[in-house]
Structure formats: structure tokens, C-alpha cells
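Quick look at what Swiss-Prot annotates:
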ACT_SITE  ASP198  active site
ACT_SITE  ASP244  active site, proton donor
ACT_SITE  ASP423  active site, nucleophile
DISULFID  CYS26-CYS43  disulfide bond
DISULFID  CYS37-CYS53  disulfide bond
DISULFID  CYS199-CYS258  disulfide bond
DISULFID  CYS390-CYS437  disulfide bond
DOMAIN    19-54  domain 'CBM1'
REGION    57-106  region 'Thr-rich linker'
REGION    68-107  region 'Disordered'
REGION    107-468  region 'Catalytic'
SIGNAL    1-18  signal peptide
Amino acid sequence: MGRVSSLALALLLPAVQAQQTLWGQCGGIGWTGPTNCVAGAACSTQNPYYAQCLPGTATTSTTLTTTTRVTTTTTSTTSKSSSTGSTTTTKSTGTTTTSGSSTTITSAPSGNPFSGYQLYANPYYSSEVHTLAMPSLASSLLPAASAAAKVPSFTWLDTAAKVPTMGTYLADIKAKNAAGANPPIAAQFVVYDLPDRDCAALASNGEYSIANGGVANYKKYIDAIRAQLLNYPDVHTILVIEPDSLANLVTNLNVAKCANAQSAYLECVNYALIQLNLPNVAMYIDAGHAGWLGWPANIGPAAQLFAGVYKDAGAPAALRGLATNVANYNAFSISTCPSYTSGDANCDENRYINAIAPLLKDQGWDAHFIVDTGRNGVQPTKQNAWGDWCNVIGTGFGVRPTTNTGNSLVDAFVWVKPGGESDGTSDSSSARYDAHCGYSDALQPAPEAGTWFQAYFEQLLKNANPAF
């Protein structure tokens with residue numbers, strides 16, 4: 001859908017019109033506020049719902065959409081949950097079809113898929129840090145910001161239009177490996193485009209609707225990802241599969257949208273696991289986090305669901321295990337359980353993993369795990385409640401990606417959530433506003449999910465543990 005450019009709007013509107021501050025919203029569906037930016041900033045469209053005043057002129061702001069990102073549709077990288085007592089109500093943070101069994105694998109790759117590889121630093125995230133964050137940072141923070149931009153993080157494929165970006169990155173990795181990268185580089189992507197996505201919340205609604213051919217569209221999306229992976233069979237690729245999706249089926253079937261999506265979610269995830277079961281791939285299904293599925297009432301049903309999904313897909317050899325704490329804040333290991341975890345003995349990710357792993361093994365799946373440590377550097381957190389997921393105040397970057405986890409069940413600590421991208425808007429008039437983003441423990445004002453949140457990035461940088 002065509003949109004009038006910010007420059008054209010500036011020519012059409014009176015010069016006396018109110019101007020939006022740097023990093024403020026300046027456009028989007030339903031927006032009635034200022035559409036001009038203060039001097040030194042330009043209004044840049046991030047997605048149909050949100051345009052933001054970014055540093056620079058209208059010309060330089062186009063660096064936001066370089067060849068490393070195919071579309072400006074919102075990147076929603078949020079995994080959410082809210083807990084009460086011993087139970088949890090979750091609220092999530094050219095297609096080529098290729099088929100055939102000749103490229104699937106029938107025996108599992110041996111060992112930890114992270115061992116012997118270095119991880120790819122997400123070029124789009126690096127561009128966000130250098131073009132959006134650093135121009136307005138204090139000089140004392142610039143070295144730390146530059147270092148953060150180099151930390152490998154996952155690229156989120158949250159719309160079908162972004163799948164070709166895989167080809168750009170995989171080609172770059174292939175070239176670097178051919179040039180002698182030592183150890184060789186591995187790619188990291190998040191598969192995140194289910195129909196009726198984010199079924200228990202509003203902040204990260206996706207592009208597909210079950211009622212409007214969403215399942216068929218999702219399968220085309222997976223086929224396109226498979227085609228990219230087949231084009232680069234010599235690039236080792238690690239995938240996180242559908243944050244929040246299966247966890248919502250454990251705790252949120254009382255929500256009509258989730259109940260209606262249950263069969264579609266299972267069908268789509270099953271299709272993804274089968275089609276992406278390739279020799280150069282290692283997959284981890286998202287498994288929420290300790291404050292979501294670690295509760296006594298939830299952990300058994302969660303293990304049953306995950307093991308069932310594993311078996312229903314034919315025990316894919318490329319399916320290594322589960323990803324936890326995606327886009328969340330939990331400690332991996334904490335000596336004293338925080339007060340907001342009261343009632344859940346599994347008060348950190350280490351305890352959660354150690355509790356669910358034997359339940360999975362009892363049902364035939366010897367699963368391993370990865371843990372997102374991108375925003376868990378401050379412990380305990382400043383959450384008023386464990387389920388407060390949106391742009392939580394006081395957080396910091398956590399441990400950098402490593403295979404040195406101290407737990408043989410845990411393959412690696414990783415950065416799945418790109419730190420500095422918003423979890424959701426605090427603007428209550430927005431179509432995608434979720435009340436969690438207006439809570440007192442959420443940093444405000446906040447832009448739409450997936451768009452750059454300068455104040456949050458600075459918070460993560462200042463509170464990084466270990467420091468940069």
C-alpha cells in the first residue's frame with residue numbers, strides 16, 4: 001500500500017505545525033499527532049502502524065532500510081507472559097517451494113551444534129546501533145555501543161518478505177568461510193510468522209490470519225526458508241522456532257483467539273519441523289521461560305506438549321531441543337529466588353531446564369537447550385510481577401553468547417532478542433497497544449514493537465553485566 005513520503009507531508013503541512021521530538025512517533029495508521037520532526041531529525045516509516053523521528057535528514061534516514069533488510073514491516077521480537085500463583089497466563093513478546101526427502105536427515109548430528117563455530121553478527125542490528133543509537137549517545141558510551149553492535153544476535157524472519165534476507169546473510173557467511181573464517185561462521189534466525197500470531201496479546205500481531213488462508217500462506221513462508229537453506233547447504237544454520245506459540249497452547253486456551261488457533265499452530269509448527277529438517281540445520285522450539293511454564297501446574301503439560309510435537313514430526317534429527325527466556329529477563333542461575341517468583345521453585349532458567357528435561361526424556365525426547373541472555377544482566381529484575389514483560393525498567397545486557405554454560409543440558413547462551421528494539425508501544429491509542437507496556441515497571445514512552453527504542457538501548461548499555 002503506497003504511503004505519502006515524510007518529505008511530501010512536510011511540504012503540504014503548515015510550517016507552524018507542532019514538531020515531534022527526536023525518537024518520537026510522527027506517523028502511522030491512526031496517528032493524529034505531529035508529523036513533522038524537530039531540526040536534525042526526519043520522519044521514517046518503520047511499519048504501517050508506526051513512523052519515528054530519527055536522527056539525520058530524510059536522505060540519511062534511509063540507512064534504516066539497507067539491502068540487509070528487505071521490508072520495513074515491523075520486526076516483533078517480544079516474548080511475553082504473566083503469572084499468578086502457581087499458574088501462568090501468557091501474553092506473548094518470490095517463494096520457491098522445494099520438497100523431497102533426499103535432503104532431510106535421518107540421524108542426528110553429533111554433539112552441540114554451537115561447538116566449533118563462531119556466530120554471525122546480525123548486520124541489520126549493527127546498522128541500527130551505528131545509524132540510530134550512536135549519533136545521539138554520550139561519547140563515553142560510544143565504545144560500549146560499538147562493542148554491543150558486534151555481539152552475534154538472531155535475525156527475526158517475522159514476515160515472508162524478509163525471507164530473502166536469509167540469502168543475503170547466508171551468502172555473506174559462505175564468502176567469509178571460504179575466505180578462511182576460523183572457526184567457521186554459523187547463521188542464526190528466528191522463524192516467527194504463524195497465522196494469528198501473538199494470540200494472547202496485541203503487541204506483536206502478525207501478517208497472516210487463519211480465517212484468510214493463513215495456514216497455506218505460512219507453509220509457503222516455510223517453503224521459502226527451506227529453499228534458502230538448500231541454496232547454502234554448506235552454511236551451518238541455527239533456528240529458533242516460533243516464540244510464544246506452543247507455550248500459549250499450554251496456558252492460554254481460555255483465550256478465544258488461542259483456542260481457535262490451536263490446531264493451526266500445531267499443524268504449522270509440524271510442517272516447519274519436517275521441512276526444515278536439513279543436514280545443515282539445528283532447531284530449537286521456543287519453550288517460554290521459568291516464569292511461564294516452570295510453575296507446578298504448567299511444567300508437566302508443557303513437557304507433554306513439546307514431546308508430542310517432537311514425535312508427531314517424526315523425531316526430526318535436526319531438532320536439537322528447546323529455547324528458553326527468549327526476549328525475557330530471567331536469570332540463568334540465581335542464589336536467592338526473588339520475591340516476584342514466590343510459589344515457583346523453578347525461579348531461574350537453570351532450575352526450569354533441570355526440571356523439564358527429565359520429563360521430556362521420560363517421554364522419549366533427550367532434549368538440549370539454549371537460553372537467551374541478551375537482557376538478563378541485572379538480577380533480580382525490577383519487575384513488579386514476574387509476568388511483566390514489556391520494556392522492563394532497569395535491565396541490562398547479559399552474558400555474551402558462549403557454550404560455557406556450566407550445564408551439560410544447555411548448549412549455549414545466546415542473544416535471540418536484539419537489545420534496543422521495543423517490546424511494544426506505550427501509546428494507549430495504538431491499535432497494537434497492550435496494557436503491560438503502560439505498567440509502572442515499563443520504560444515509557446515506548447515505540448511500537450520491533451522499532452528502535454533509544455532510551456532502552458542506553459539502559460541496557462549502562463547496566464550491562466558484564467560491562468562492555
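Glycine too: its Cβ is placed from the backbone N, Cα and C atoms.
When the alpha carbons of CYS37 (disulfide bond) and CYS390 (disulfide bond) are compared, the span between them is 26 angstrom. Calculated from their C-alpha atoms, the gap between CYS43 (disulfide bond) and ASP198 (active site) amounts to 28 Å.
In the structure shown, across all protein chains, CYS199 is the one of the disulfide-bonded residues CYS43, CYS199, CYS258 with the greatest number of other Cβ atoms within 10 Å. The predicted model assigns the region 'Catalytic' (107-468) a mean pLDDT of 96. Taking the disulfide-bonded residues CYS26, CYS437 in turn and counting surrounding C-beta atoms within 10 angstroms, the largest count is reached at CYS437. CYS26 (disulfide bond) has ASP423 as its nearest neighbour among the recorded positions CYS199, ASP244, CYS258, CYS390, ASP423, going by CA to CA distance. For the residue listed as 'active site, proton donor', the nearest of the recorded positions by C-alpha distance turns out to be ASP198; the candidates were ASP198, CYS258, CYS390, ASP423. Near ASP198 (active site), with the C-alpha within 10 Å of its C-alpha, lie none of the recorded positions CYS390, ASP423, CYS437.
Reduced to three states, the DSSP call for CYS258 (disulfide bond) is helix.
Closest to CYS437 (disulfide bond) by Cα-Cα distance, out of the recorded positions CYS199, CYS258, ASP423, is ASP423.
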